[in-house]
Amino acid sequence: MQTIKADELPENPVESTNFLSELMFCFAMPVLFKGRKKTLEQSDLYRPLKAHKSDTLGERLCTAWENEVEQRSIKKLPPRLGRVMMKVFGWRMFVAGVLLAHQEFLTKVTQPICLFGIMSYFAGVDRDPVRAQLYAAGLIAGSVLSVSIGHPYMLGLFHLGMKMRVALCSLVYRKALRLSRTSLGDTTIGQVVNLLSNDVGRFDSVLIYVHYLWVAPLELILVTYFMFEQIEVSALFGVAAMLLFLPLQAYLGKKTSVLRLRTALRTDERVRMMNEIISGIQVIKMYAWEKPFGKLIEQTRTKEMISIKQVNYIRGVLMSFAMFLSRIFTFASLVGYVLLGHVLTAEKAFFITAYYNILRRSVTMSFPQGIGQFAELLVSIKRLETFMHREETRIPDKSIELNLTDKDKQPETIKNHGNGDEPKCNDNDESLIEFSHFHAKWNSEATEHTLEDINLKLTRRQLVAVIGPVGAGKSSLIQSILGELPAEHGSLKVNGRFSYASQEPWLFTGTVRQNILFGLALDKHRYRTVVKECALERDFELLPHGDKTIVGERGASLSGGQKARISLARAVYRRADIYLLDDPLSAVDTHVGRQLFDQCMRGYLRSDLVLLVTHQLQFLEQADLIVIMNNGKISAMGTYASMKRSGLDFAQLLTDRNKSEEAADDNESLAGDIWDRVSMSSCSRRDSKGSRQTLRNESFSSLSSMTDSLTQDVSPQETRAEGKIGLGLYKEYLAAGSGWLVISFMVFLCLGAQIVGSAADVFLSFWVDKNKNIAASSTDQMDLYYFTALNLAVIIFTLVRSLLFYKLAMRSSTQLHNAMFRGITRAAMYFFNTNPSGRILNRFSKDLGQIDDLLPTIMLDVVQFFLTLTGIIVVICITNPYYLILTLALGIIFYYIREFYLKTSRDVKRLEAVARSPIYSHLSASLNGLPTIRALGAQKALINEFDNLQDLHSSGYYSFLSTNRAFGYYLDCFCSLYIVIIILNYFINPPENSGEVGLAITQAMGMTGLVQWGMRQSAELENTMTSVERVVEYDEIEPEGEYEPKPDKKPPNTWPEEGKIIADDLSLRYFPDPQSKYVLKSLNFEIRPM
């Protein structure tokens, strides 16, 4: 379990900051300064805010969901997750919408009116300097207010989205712990991981756009009215063009959501397959199946990429719209105005341009984005809702009772003697388990029952041995007592508490002690006794850190026997009346098995009921009762002596091949394979006999050698790179998808699009200034042709550029995935033993998802930003070359702010990514060990651990959000200062042409949002490139060796002539470290064919 507790981190300064400090993002400064001096670690971040604590939000959403289920079930209607989310977070969403509307109408819509007033003054239309100065003050105030209000608003919005995500993750995890066995059979770990990583993650970004669905239409109506006042009916031409584009954008948005659902399903399939490959990698490597599985994954990835490619092409078209739509609308209105016989003036041209720039952002960008994001959100909610509708287990949550003290836990009828070492009750006649004509089956549609007509009554102080061939229903009998297998007919009564040790020992990532205590308080006397009775004392001496040694996710650092005994110790440590032990002796050596049976099961647990499933015939003689099962029925029952008298041959019962195979195919496949489908690591019971034989052969001496070689904790912290993202990584990403000739053509298209775009802006200023000197109602027709040609060129260049870029990005993504898959399949087993599956899956789900979805868009955005910024600077400096000095000063300030921010941002983003992996690992481990978790009532402890992991992730994510917003805020402050200087300069040094004023101010106003967005996107690009870095890191894992031997070492085609193994001075170690000790030392032997 996690060693760092989120509550132990220092308090976040935002908890105690004042309003002004919060408005100016002063609370984000300590992290930024700390990140500048050193590489940030998890302990350098702050405690999660009370507002986004996982347990609080999870409980609120769970309570609301349960109320919804209750209310809708009365009406016989399915519960709706969307309704629940609105009940919990609806009010905050409403307030956010109202604030957005005020911000848009007060600061954005008023700016072009002020600009028109300033330009009228410089054009000589309105000569009142006081009015002009008031307009200038209004323009400056609007610019400053949009910065000082906008950024805190955006942080609040992101924070709200984050709270929704945290609450939903908690809800999904709590639901996962309640899934019935049948439901879990239809659900894979990959699907649930995808729900947490991709579907729930949509809430982080969707709230930015969703309110534009109603704000944008209102803004459109108001702006159309203002434009109609100036250019009359011509205003409607541009608005009509805008409205004609909206259905196309809406269609593309809807198409995106359909494709997104298809992509999500295919990603689910790929992640599920990857989870199975990672879980079963040892078997895959043993049979050299890497290439066949590689082809399987490649086919799945190709299907996924077809959907992603279509989504990204649509994104490319929508991004191109952002570049040229406002130009089309401005072109339609201005050219229409000229063609109707009017002369275009500077103030009218730039008034219309400024308004269409506002409408471009809200109506043509945010509104369609809102439609697309909202549609995708509905798909995600539907997928989450489907998961929440899955059938739940009927087993009551024991963790609620176990949350009390040990004394409180004891029922009134059962006395607690000391530490549980003495008998709890002397009433031997008390019936603890009673089956009466019990019938049950795993699949309700199956014709045959898994358990049929079971009649069995068990009392205290009994050791009951359950035997039978593989697939006879022994484990299903235990699962029915646990409540996992409900009755179809008949009845089952269980009186008293039970504890359980599973057939496949399940361990989670944590210390050996944590695995034994499993959430209970440490009782030193009982713990020492249990460790002794379960023959773990010698192991603790051998382990480098004793019971504080970290074990891997599947107990990867331990032998099979150790895992089995730790699993048994966990069951025995819990005080219970009934101990259900599902074949714990098969994985241990004979003499250890005898010790466990005599000292633990017959000795320490003598006062309780012990139900032991076993294949070890030597222990049957000392059992109080023997139950023989076959084909789901009890074929015989009695003491060892009575069975002997009846002439039953036990050995024949256990080794009957026909019975074994039939039962495994017909019966246990229904029960066992449900868990096998969750994880390939659970060996099917059809193979259990072979696996047991292998485990039995593990000697204690080899165990000693292996544990001596453990020189460090097996599960180290996830590695993370430090410092800048180098140019080499960008080169590797781009070169993965195409050659340099194609990349050069791409660069030409990007430059060409910007050059023609800036030329169109400069030409408009030239045109309106030229119109001042010509007679009314006459204009040069060639100017119209030039203006039209420039706008058409922008459209063509932009569309081709976007589509080609996305094509290259998709190729790169495919190549990177294939390289990463090759990297991990070629890795040695040491890599899998020291890296939990959640950590590896994180790179195949979240990191790869970012490379597929986010990275191409962000990269194109950054390229577009730098080109647009260059274009703006060139245009402003054309109007007044002295602005170049101001621009250079501003550029130097921006560079230092960016450098100051970036180091911290990279570290925080990496910490956030590293903190995400344990959430998936914890989920994966929980689903694999669900029967044990529910049997031992550990749900509460695991939910607390999940909440802690979420809080640690929230700590990093909120630090990232606040530093990101602080960065944008201070950049925009300097941009506002830039606008102020330009406006004031025109009042101090009046220009010759009013067109120059309009061009410079509209371009500078465009910079305000653009610079902070572009700089943050460039920082976000570096942060997102950490996903490429993490993927490439797995491509560079040291391989274990070539698939094929070198030609000079290749055996002849006739090899092997005979089956023979020769070991000549063979020494092997588990760890690649040359300092680690050998497990097998100087072995010399020869195995000849019979």
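Including glycine, each Cβ sits where the backbone N, Cα and C put it.
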Out of 84-103, 884-903, let me know the one TrEMBL marks transmembrane segment. 84-103
Beyond a gap of at least 6 residues from its ends, the CB atoms lying under 8 Å from the transmembrane segment (84-103) belong to 60-61, 64-65, 68, 146, 149-150, 153, 156-157, 160, 163-164, 167-168, 207, 210-212, 214-215, 218, 381
Positions whose Cβ lies under 8 angstroms from the transmembrane segment (234-252), at least six residues beyond its ends: 220, 224, 227-228, 314, 317-318, 321, 325, 328-334, 336-337, 340, 342, 352, 356, 359, 363-364, 367-368, 371-372
Going along the chain, which residues at least six beyond the ends of the transmembrane segment (335-356) come within the CB cut-off of under 8 Å? 111-112, 115-116, 119-120, 123, 125, 223, 226-227, 230-231, 233-235, 237-238, 326, 329, 764-765, 767-769, 771-772, 774, 776-779, 784, 787-788, 993-995, 997-999, 1001-1002, 1005
In the same chain, who gets a Cβ under 8 Å from the transmembrane segment (311-329) while lying at least 6 residues past its ends? 238-239, 241-242, 245, 249, 252, 255-256, 259-260, 263, 356-357, 359-360, 364-365, 368-369, 372, 753, 757, 760, 791, 794-795, 798-799, 801-803, 805-806, 809-810, 853, 856-857, 860-861, 864
